[in-house]
Amino acid sequence: MSLRLFSSESVTEGHPDKICDAISDKILDALIAKDPEARVAVETVVTTGLVHVVGEIRTTTYVEIPALVRKTLLEIGFNSSDMGFDGSTCGVSVAIGEQSQEIAQGVDTALEHRSHDAEGGAELDEIDRLGAGDQGLMFGYATNETPEYMPLPIALAHRLSRRLTEVRKKGIVPHLRPDGKTQVTFAYDAEGAPVRLDTVVVSTQHDAGIEQEWLHEQIRTHVVQHVLDEAGLSGNLADTDYTLLVNPSGSFVLGGPMGDAGLTGRKIIVDTYGGMARHGGGAFSGKDPSKVDRSGAYAMRWVAKNIVAAGLADRAEVQVAYAIGRATPVGLYVETFGTEKAPVEAIQAAVRQVFDLRPAAILQELDLKRPIYAQTSAYGHFGRTDLDLPWERTDRVEALQKAVAAAQQSQ
């Protein structure tokens, strides 16, 4: 049997880039909680002993950004200079400007409304008033290889990262520090199905003087085996023959912002599908939902998941594209990789009929103008069985099935 190896990685909330994502999204949530119409684009940079917060905001409220930064760092676990970073004493600089008026006018009044106001005519749908916050393309993906409709490698990598953080915070494994990464490799058969766990890599920051052999066994028992058992993979896709590598480079004492500088938006593959699907390039964290980089990608996951949940395909990838200041998408594309159970043209027609992908409609349908974003800043934005996220709902299954049946009858 011909097998191919596919790998995906995850990182913990103490990874420098994820620290930045968390800070940016904490600021976003604090603003949206007080001002649902806030326009936010916040970027964070962390380095040894210092946090920079920059970006553009338009809002009617105020939040104490330095206090939010410090609280976030302490919640993650950077609370002592002994580990190279302390949220209580680090420097925090803030350089926030106002959203560009040119961008604001295009988003507040979409091209459709501006053209209508100039030419007159019948009254337009109010959903057409909000233009896309930028041009760009977004992808959504779903597969039936896991109950959460996610690729197995990234789903397992995220579970391992979450568990690594859990055993640290609960003291189940002592001497761990916040920074960490996981990576999972599965063997796939010619039909594209995962058949065997091949390799697991866990790198975790730890206190000085820890024996790596002891740490290896702690991670095997309390992290890897725990997750495999919980996921129902032990003795199934994961027998005892897989390779486990724990801190393969040796000691990992120097981590977090002291080990590497971090930046918002640098873990876009970790945030999405672990490389199993394409990515439009736009990051999520620190962006309010008028930015289609975020809301468009969430909507595409919603679409793709409902396609697969409806039994219309085993795998689905959906692309949407927008022009800045225009409400109506400029493109929509459905790919099912030969796994479709109905003609792709019928599925695509059904998607157009069932889902309104104008930015204002997405905000309304998914109820995105609320503080739900900080919880997604680590361990993935999709397939989160531990969270109730609106884009994970399979509430359009029946409508899609009916629309596909109608489209086939009309052909």
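First residue shown is number 1, and so on along the chain.
Each Cβ is built from the backbone N, Cα and C atoms, and glycine gets one as well.
Some features that Swiss-Prot has for this protein:
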type: BINDING; residues: His15, Asp179, Gly180, Lys181, Asp260, Arg266, Lys267, Ala283, Lys287; note: ATP binding site
type: BINDING; residues: Asp17; note: Mg(2+) binding site
type: BINDING; residues: Glu43; note: K(+) binding site
type: BINDING; residues: Glu56, Gln99, Asp260, Lys291; note: L-methionine binding site
type: REGION; residues: 99-109; note: region 'Flexible loop'
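Pairwise Cα distances among His15, Asp179, Gly180, Lys181, Asp260, Arg266, Lys267, Ala283, Lys287, which the record gives as the binders of ATP, peak at 25 Å. When Cα-Cα distances from Gly180 (ATP binding site) are compared across the binding-site residues Asp17, Glu43, Glu56, Lys291, the shortest belongs to Asp17. Among the binding-site residues Glu56, Asp260, Lys267, the ones whose Cα is located within 10 Å of the Cα of the residue listed as 'Mg(2+) binding site' are Asp260, Lys267. In space, Glu43 is the closest of the binding-site residues Glu43, Glu56, Lys291 to His15 (ATP binding site), judged by Cα positions. Residue pair Glu56 (L-methionine binding site) / Asp260 (ATP binding site) shows a Cα separation of 25 Å.
Among the binding-site residues listed (Glu43, Asp260, Lys267), Glu43 has its Cα nearest to the Cα of Lys291 (L-methionine binding site). Taking the C-alpha positions, the distance from Glu43 (K(+) binding site) to Lys287 (ATP binding site) comes to 9 Å. Taking the binding-site residues Asp17, Glu43, Glu56 in turn, the residue surrounded by the fewest other Cβ atoms inside 10 Å of its Cβ turns out to be Glu56. In the three-state DSSP scheme, the residue listed as 'Mg(2+) binding site' is classed as helix. There are 28 other CB atoms within 10 A of the CB of Gly180 (ATP binding site), with all protein chains counted. Cβ neighbour count for His15 (ATP binding site): 29 (other Cβ atoms within 10 Å of its Cβ, all protein chains included).
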